[in-house]
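Copied from TrEMBL, the annotated features are:
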- A:9-25: transmembrane segment (TRANSMEM)
- A:70-90: transmembrane segment (TRANSMEM)
- A:96-113: transmembrane segment (TRANSMEM)
- A:120-142: transmembrane segment (TRANSMEM)
- A:162-187: transmembrane segment (TRANSMEM)
- A:217-236: transmembrane segment (TRANSMEM)
- A:248-268: transmembrane segment (TRANSMEM)
- A:275-296: transmembrane segment (TRANSMEM)
Amino acid sequence: MTSILKNRLFWPAAILVVLLVINMFTSRQFVTVQDGHLFGTLIDILRNSAPLILVGLGMTLVISTGGIDLSVGSVMAISAAVACLLIQDLDDQNSVGPVLLIIGIAIVVSMLMGLWNGALVAIIGIQPIIATLILMVAGRGIAQLITDGQIINVQSGPYATIASGFFAALPVALLIAVAATVLILLLTRRTALGLLLESVGGSPTASRLAGIGARRITIMVYVVAGGLAGLAGLIYSANIKSADSISAGNLIELDAILAVVIGGTALVGGRFSIAGTVLGAVLIQTLAVTVVAVGIPSEANLLFKAVVVVALCLFQSPTLREKVFGRLTPRTARAEVPA
Amino acid sequence: MGEQSPVLEMTGIRKVFPGVVALDGVDFRMFPGEVHALMGENGAGKSTLIKTLTGVYEIDGGEIKLGGVPVRISGPLQAQQAGVSTVYQEVNLCTNLSVAENIFIGREPRRFGKIQWGRMRRRAAELLARLDLDLDVSAPLSSYSLAIQQMVAIARAIDVEARVLILDEPTSSLDASEVEQLFRVMRQLKESGVAILFVSHFLDQIYEVSDRLTVLRNGQLISEHRVEELSQVQLVEKMIGKELAALEDLEDKAQRNRERAAEAKPILEARGLGRTGAIAPYDLTIHEGEVVGLAGLLGSGRTELARLLFGADKADHGELAVAGKPVNLRNPQVAMRQGIAFSSENRRTEGIIGDLTVRENIILALQAARGWTRPIPRKKQDEIVDKYIKALQIRPADPERPVRNLSGGNQQKVLLARWLITEPRLLIIDEPTRGIDVGAKAEIQKLVAELSDGGMAVLFVSAELEEVLRLSHKIAVLRDRRLVEELENTAGVDADRIMQTIASGATS
């Protein structure tokens with residue numbers, strides 16, 4: 001029992017369950033089957049978590065090396081702009097082949113953005129927060145240049161599918177997020193990449209002297225983060241069937257960092273948890289839905305979110321836990337006996 | 001001193017960590033105006049005892065009395081207020097701040113909330129004058145040597161009206177004259193009635209400066225003695241709990257191998273290798289199975305010389321050949337491909353990765369050499385790691401424990417294991433025995449001798465001449481960032497001979 005309580009992911013998981021239970025009561029449909037698809041609040045939450053999960057995965061890897069990527073939101077906007085611009089010019093927006101190719105191009109462009117970040121950090125040696133701030137600020141400008149300052153609307157069935165489609169009764173967006181998660185897990189834990197990342201994040205100097213090519217690994221991580229952000233941007237824009245350079249991925253970098261931290265990865269780098277980040281991302285999305293569901297006035301939304309996040313961080317702090325629960329646990333245990 | 005009452009009395013101190021009893025009913029006392037050495041191997045409980053006294057850990061049992069009054073020390077601040085000041089092993093000052101700021105950090109003299117800089121600088125200078133130091137107190141601390149930084153740390157510690165001053169391994173990175181300076185300060189403080197708790201792995205220093213000593217082993221109190229009651233050999237035996245029969249035949253072995261080593265193939269030849277501002281161009285040849293010792297004072301360029309041979313720093317002139325072929329060691333990866341391994345003197349910052357486990361730390365270099373796409377299978381990892389934990393007697397023998405939680409000596413063994421599994425042709429080890437206990441030291445020296453017997457070339461860097469003399473076939477002496485002499489370690493060569501070279505710089 002105590003070992004479960006001590007697990008870093010216990011409190012995020014507990015709060016997630018509580019929020020989901022609240023939603024079970026407040027929503028008309030929590031999970032149902034309709035036309036062979038799963039529907040309901042739970043499915044919406046999972047589907048809408050997809051962009052944040054994707055961005056969070058990349059952020060986890062970047063943070064594990066002791067870096068940070070503030071440009072993910074802008075990369076989302078660029079990727080969406082590239083995709084929508086190209087799709088708009090297609091003769092037949094509903095032909096699958098060209099749309100897939102365009103998705104590929106948008107992701108490659110996003111990876112190039114990541115390469116830029118990685119080069120600034122690993123080769124030129126700019127601090128990650130500054131290096132990625134450059135693209136964070138400039139990126140939205142680039143996206144607006146691509147779309148000529150307009151919001152580009154597309155009517156492409158295949159493109160919309162990646163956000164709102166279903167496959168095997170499940171939302172495609174969720175499947176993409178799951179696939180990316182599995183891929184990242186394989187990439188980091190089935191190879192030695194995870195170990196080397198944690199080593200570089202733990203001590204760059206010691207890692208260099210142990211013969212780890214920290215530079216190449218760092219660049220690679222930013223490239224992966226860029227690619228994942230690009231994919232997230234595509235899902236976001238496919239959902240609204242347009243490229244909106246201003247609001248695509250706006251402030252998502254903060255939610256992504258929060259998801260990583262909730263998931264138990266320290267901002268100073270080193271040990272990271274992929275599962276934790278996914279949990280954190282779903283938690284943040286659930287929170288956003290719950291706020292609306294329980295009828296908290298929209299102007300108090302952000303405040304409510306802040307309170308939950310602060311509470312969560314406090315619960316996760318070992319020092320506080322020891323102080324509060326070190327004394328509380330025996331008392332509650334006693335109270336439980338007669339009940 | 002007579003039968004004064006102790007200023008500090010700890011009785012039945014108990015401290016338990018998950019799965020380990022770190023202190024088991026330890027008694028410890030100190031009298032005013034004495035230097036009291038706390039002795040024990042790594043992991044004996046010295047650091048833990050100190051940390052219970054400085055408020056880093058809270059005790060699980062027992063009692064602490066200061067000046068006869070029971071106290072509960074619940075944090076570093078309470079410890080300071082109670083009159084216990086500490087200077088830690090690794091100087092923990094902010095090197096980017098000025099000397100004065102470092103001395104008064106957190107308790108700057110203020111008026112109306114504003115820091116009185118002038119007063120702060122004046123008081124800092126006064127304090128340092130008491131320690132016979134004349135420094136520019138507004139210069140950043142980083143502009144002074146480690147020894148001076150240490151003194152600054154002491155100045156800070158004694159300014160808070162310390163009744164008990166704890167010096168944890170203060171000498172491990174000082175050279176001989178700096179140690180003398182420190183001892184002078186310690187004696188001065190002792191005169192003024194401060195009780196000094198002194199921890200050092202250098203037995204000679206203990207005997208030179210201490211009045212009394214307490215021996216711990218495995219978290220238990222072994223005994224307390226006046227220093228003159230106990231010989232060094234007796235002390236070591238008490239510390240390790242068995243008779244010291246460790247090193248007796250090492251010296252002959254070195255002699256025996258010398259002839260063979262001279263005929264062996266050269267592994268590494270440096271010609272005019274150097275780096276501006278770090279080490280003057282030098283020539284050095286290392287043969288198969290040969291142990292080359294680097295001797296010299298702290299800052300004489302020992303480490304700088306060694307780093308060039310691993311590509312840790314890039315040489316800016318000269319040539320290097322490995323096994324007869326010219327190579328350019330641009331970075332450590334290139335050096336590793338040539339079969340060169342390097343274990344840094346800065347165990348904590350350039351060696352171990354604290355968050356990672358013992359297993360991960362051990363396989364790190366081998367894994368890095370294979371590249372991330374070719375992970376070492378877990379079964380193989382466990383095999384290798386188990387083997388080296390056993391062979392090097394790494395304790396605790398738990399491969400999944402974060403290496404941060406191991407003692408210094410065991411961390412050093414983890415680092416050696418990391419490099420040994422890469423099966424290098426040349427092993428460069430910089431200060432492998434610094435700050436570790438007698439037992440582990442002997443084990444590491446023995447290991448070096450064995451490796452050299454097995455044909456591995458070793459470049460052994462150490463501040464301790466005895467150690468260099470005991471292990472090396474050949475000794476290179478450095479002075480002022482220059483290799484001044486290279487000599488065969490024959491019967492006639494002793495510490496005096498090397499000291500002479502270090503002192504005079506004569507190239508014979």
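Heads up, the Cβ atoms here are built off N, Cα and C, so glycines get one too.
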Selected stretch (most C-beta pairs under 8 A with the transmembrane segment (A:96-113)) from A:70-90, A:217-236, A:248-268, A:275-296: A:70-90
Criterion met for the transmembrane segment (A:217-236) and the transmembrane segment (A:275-296) (at least three Cβ pairs under 8 Å): no
Per Cβ pairs under 8 Å, the stretch of A:70-90, A:120-142, A:248-268 packing most closely against the transmembrane segment (A:9-25): A:248-268
Cβ-Cβ under 8 Å with the transmembrane segment (A:162-187): same-chain residues at least 6 beyond its ends: 33, 36-38, 43, 46-51, 53-54, 57, 61, 103, 193, 224, 228, 231, 234-236, 238-239, 274, 278
